[in-house]
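Listed in TrEMBL for this protein:
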| type | residues | note |
| --- | --- | --- |
| TRANSMEM | 133-153 | transmembrane segment |
| TRANSMEM | 165-187 | transmembrane segment |
| TRANSMEM | 207-233 | transmembrane segment |
| TRANSMEM | 260-285 | transmembrane segment |
| TRANSMEM | 358-378 | transmembrane segment |
| TRANSMEM | 399-424 | transmembrane segment |
| REGION | 463-487 | region 'Disordered' |
| TRANSMEM | 508-530 | transmembrane segment |
Amino acid sequence: MELVSRQDPHLREVVWFAVCCRALTLLLQARSLLDFNPLFFFQAVFNLLIPDHAADAFSPPRLSEPGPWDLLLERLLGGLSRWDAEHFLFIAERGYLYEHNCAFFPLYPLSVRAVAEGALWPLQPLLRLRSRLLLSAVLLNSLFSVLAAAALYKLGCIVLRCRRVAFLAALLFSLSPANVFMAAAYSESMFAFLAFSAMWQLEKGQSWLSGLLFSLASGVRANGLINAGFFLYSRGKRFALQLQGGLGSVRKLPPLWKQLLSVASSVVLMCAGILLPFALFQYYAYVMFCGPGTGLERAVPQPLLQLALDKGYRLAATNGGRPPWCSQRFPVVYSYIQDAYWNVGFLRYFELRQIPNFLLALPVTLLGAWAAWTYIIANPRHCLTLGLERRKSEEEDKPRAGFCCHAVFVYVVHATVLLAFGFFCMHVQVLTRFLGSSSPVLYWFSAHLLQEREPLLWSEGTDNQTAAPRSEKSLLGKPPSSCGEGTPENPLVRLLTSCRLITPLSKCILGFFLSYWLLGLVLHCNFLPWT
């Protein structure tokens, strides 16, 4: 996939801005080493004011003594190995030793281990395996986050049909409220890259490549299974419009049964491919934890066995009793872990003591709900017919551009489903990174609001025009050719450098992105709870 094109200065600016944001993230989270470096001093102040929190999180013992280079790397990148990152790094090093490790899917830790044993193998004399895994995770996530920004830009250009909004949305992705999870040893960056790339390829008509990328995404995170809806909708819409378009010329179309058979076979194959990584991983967990004991516990180092005893962790392939989920009709370890270990379920998080976490998720909840409402109000008939009706205006007029164009419908539905599921059935504070790594709507709608409501952007030169879009109709009515090819000015930098002049709405949007971008680094890297 040609994500970076020399002929597209907007894409080059997206990549350059993403690289700069990622470099700044790594600098700000590093521990203070040189007092004269203002960036290190900035983080040192936070480390003094907010020392590492003694969190009751998964923290396996280190089995080998760190060398001087290990200590240096830990000082530089240790903030990115907190919370769930410990699970991913442990799985990459030891495999799925404990039952609750199976909540984290295998493709990301496998990739981290491959890079640590491959590209970073020359560092073996200097760094122990755990340090190389951490370095591998940081390098991979830096690469994936940059590529995800590029893929989001490409996707936006096709779906929104407006380079200006797609450009601003991709820049906002680099300042994502979920930034710290894009940098830490989490799977969010890899998932965002695979999901956005799959959506882009599907929009281009590359169904099989899109299916492969969606399948890989479902091997990274469980919510990748929901992405099968994009393929189902694409096939269903094409079939419905084909039938409506051929009503007056039935002879030109294959028999109906052949069309149905073709659609059904492609849908079944693609959905099976997307489901396959999930099913294989559940089968692997069943063999490991529900099969007969193999004496594997004898090969487990004593400190890890002791940790299992102290914390009540269930080890794989032991001679003890079978876990309860092994006896279920459909033994799915993932849903069992979410239920038994983290109390995830419908309305289970609706407690008075969770009000701070609901407040933490409030900005992304409001933004997601506002996006859905805006789209429904702009396209009521299109939403009622699920976009399956061929309208006469679509055949005669040029399709409108921007966030409210018809092509955005399936993405709004996807984001709304994720928002509703996350709000009612998950730990609500994870909504920010859940939506920020899974759906482009958060960035598209934010870019839409900034472009529509911010006068400073009405005269920007990203589309070689100086006139302002005076109304939503004028913006949405612009064809994709209005997006210019000249050297772009970064509109996000322009807004940030003129923060005193921008509207209150722009301040709220940018304040949300920047405050979560920075607070995530400060709190997460000091082992304090965050989204």
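Count begins at 1; order follows the chain as displayed.
A Cβ is built for glycine as well, from the same backbone N, Cα and C atoms used for every other residue.
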For this session: Mind checking which residues of the chain, 6+ beyond the ends of the transmembrane segment (207-233), have their Cβ under 8 Å from one of its Cβ atoms?
Result: 105-108, 187, 190-191, 194-195, 197-199, 201, 266-267, 269-271, 273-278, 281, 334, 410, 413-414, 417-418, 434, 438
Problem set entry | Range from 133-153, 260-285, 358-378, 399-424 with most C-beta pairs under 8 A to the transmembrane segment (508-530) | 358-378
Seminar exercise, completed: Near the transmembrane segment (260-285) in space but 6 or more residues beyond its ends, with Cβ under 8 Å, are 96, 102, 105-107, 207, 211-212, 214-216, 218-219, 222, 224-225, 227-228, 231-232, 235-236, 239, 254, 331-334
